[in-house]
Amino acid sequence: MVLQLENFGLDTSSPSVVYMDVNVVPEHDGEALLASTISALQAEVKELLAKQIFLDAKRREALNRILDIKGSIRVFCRVKLRNEKKALPISIEADKITVRPLGTCKDCIVDRVFPPESTQDDVFQEVRPILRSALDGHNVCVLAYGQTGTGKTHTMEGRNGQQGIVPRAIEELFHQISQDKSAKFRLSMSMLEVYMGSLRDLFVHRPYSSARSTYLIPKSNLSILSGADGTIEIEGLMDVPMSDAKQAYRWYARGKHARSTSWTHVNDASSRSHWSVTWLLCVCSLTRITICRLSNDTAKGAVEQVSKLWLVDLGGSERLLKTGAKGQTLDEGRSINLSLSALGDVIAALRMKRNHIPYRNSKVTQILSDSLGDGSKVLMIVHISASEEDIGETICSLTFAKRVRAVDSSRELSEESKKRKEQCINELEQQIQESEDELKKVRSQIEKTERLIREKTKLHQVPSDMNNGSPRSTLILDVEEEKPIQRSQTRAAPGFMSSTECSRQRQKLAVSTTKWRSMSASTRKPLDFLGPQTLSFSSLPKKRNMACKPSDHLNMSQNSIDSRGSTASRAKKVSNSNPNLMVALHKHRRRMSALL
Ligand SMILES: Nc1ncnc2c1ncn2[C@@H]1O[C@H](COP(=O)(O)OP(=O)(O)OP(=O)(O)O)[C@@H](O)[C@H]1O
């Protein structure tokens, strides 16, 4: 008798080689054994999935607590240095900037200072945790503020091969999504600019005018809508589904191009050089990534959460005075100043927890109103120049930073409180690390167990002609290599290995899935938004006896759609049967198979 079933059960940590002498084990016993093993493995997957959800919730909570301790509105300061030989009028510490204009001394405390030698990566490391928070369902805003030429666009977009926050964030989001098996995600992207007080969609196609040798700018007609629950939507703004980072980069490049061509157009149209500078300053560009998170809560069932990640390059109008703008141009410059000041007012009111938050004072604050307040995470990067000649504008920017940040007097903590805070953050970070390590183990265990289930399920489906004529057939299942090896071929396949009605239905379902996949993009539009492995079983044509519970739609395993529905229904059938019934059922199936 060749029967080696130690690894037939739940322990999947070591490579499993299973020997089954189907001649010795009576057919119905073998079949019953196989069915109960599959059932036990499925129960284990279910348990592991529940553990995965629990660990993920623990990780999310710890991250949220860290961000709350650090402050849900944080202000950083990035310093730009021109090639100067003179002594600098500012001094830089880890969280403090001191400016000395004309013998006086002004300082400003922020959450962190990025000195001139800081890299794009240094800045991104501070942004990374709040991206995770956006995936966890929180609205997030990253805002770049500062005088023109101090590096806002450098920080947000990046230049000369040094990627900025937006492209890095796109990559990071898709990376995190690929790692996160506890939920499914749909991402979409929009880009717009606030230009002279109106909103312009940067994804809208702009026709080229050969007469003017430039791209035409369609009239802006976007309006801001506010829902009863305070959510904000921009009517008519293109929101493009993103299935991978490459696609997102392409659209982002398109939006950036549209922005720069609009400036060129303005320059060409105005033909007044000082106007072009001012108009350029009036542009505030916003990139919105909408994240739809679909998770399966054991208590609540399927849960869908939508969050927004705003990446904003705010316009600066400081040059207005330098360019000597007059009349309408000066008014426009003032308008952007008012917008920035309105943003400062809103953040200050939020910090002071005022009842009335003056969102309606500018377009930018209206757009961001559901992403600056309750539960949101805001990160403001104030850019300053360390040069003597920019000292006036540097002081203005630092005053803004102070206003945004220092209103919360509790932020200026004693050394002891700072230490306690740091210790608490370290402990929470440790918790996150532990949860992530455990999550990795659980995911790998799920993968192994599911692989085993697939192998066991295949045993039900071995075609009869593979085993014809053997007096004794021993199957060796090398789980590591994921393929059953046939040691002896000369025996008729046991009844349970011939296809049953159930397996035939499963095969039909697989065919219909393939057909579905080859359907035109327009026909399967809702699912096109989903990333890899995010097909929903609910969207498949319904098959008789293959009904799937709502919870099955969000099966968080890596299984393909083909096996998801079938294992779900199989698990239900097996677990609901008592052993005698099960044997009878399999006998019945065999008889039915012989008849068909
Ligand atoms: N930290 C930095 N390291 C290297 N180069 C920088 C840095 N910051 C800015 N620069 C360079 O300085 C120039 C002006 O920067 P940038 O265009 O990003 O400023 P800005 O604040 O976005 O100006 P605007 O308001 O006109 O958009 C660019 O050539 C940019 O590459």
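Cβ atoms here come from the backbone N, Cα and C positions, even for glycine.
Per TrEMBL, the features are as follows:
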BINDING   Gly146, Gln147, Thr148, Gly149, Thr150, Gly151, Lys152, Thr153  ATP binding site
COILED    411-459  coiled coil
COMPBIAS  486-502  compositional bias 'Polar residues'
COMPBIAS  554-579  compositional bias 'Polar residues'
DOMAIN    72-407  domain 'Kinesin motor'
REGION    484-504  region 'Disordered'
REGION    550-579  region 'Disordered'
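Structure coloured by features recorded in TrEMBL.
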{"residue": "Gly146", "record": "ATP binding site", "contacts (Cβ under 8 Å, 6+ apart)": "Arg78, Lys152, Leu314, Gly316, Ile381, Val382, His383, Ile384, Ser397"}
{"residue": "Gly149", "record": "ATP binding site", "contacts (Cβ under 8 Å, 6+ apart)": "Lys80, Ser385"}
{"residue": "Thr150", "record": "ATP binding site", "contacts (Cβ under 8 Å, 6+ apart)": "Arg78, Lys80, Gly316, His383, Ile384, Ser385, Asp390, Ser397"}
{"residue": "Gly151", "record": "ATP binding site", "contacts (Cβ under 8 Å, 6+ apart)": "Arg78, Lys80, His383"}
{"residue": "Thr153", "record": "ATP binding site", "contacts (Cβ under 8 Å, 6+ apart)": "Ala144, Arg159, Gly164, Asp313"}
Please check each of the binding-site residues Gln147, Thr150, Lys152 and report the ones with a CB atom less than 6 Å from an atom of ligand 1, ordered along the sequence.
Thr150, Lys152
Site with most surrounding Cβ atoms, counting all protein chains shown within 10 Å, from the binding-site residues Thr148, Lys152:
Lys152
Please give me the CB contact count at 10 A for Gln147 (ATP binding site), counting all chains in the structure.
23
Extra residues within 8 Å (Cβ to Cβ centroid of Gly146, Gln147, Thr148, Gly149, Thr150, Gly151, Lys152, Thr153), ATP:
Lys80, Ala144, His154, Gly316, His383, Ser385
According to DSSP, collapsed to three classes, what secondary structure does Thr153 (ATP binding site) have?
helix
Calculate the per-residue pLDDT averaged over the coiled coil (411-459) and state the result as an integer.
83
What does DSSP say about Gly146 (ATP binding site): helix, strand or coil?
strand
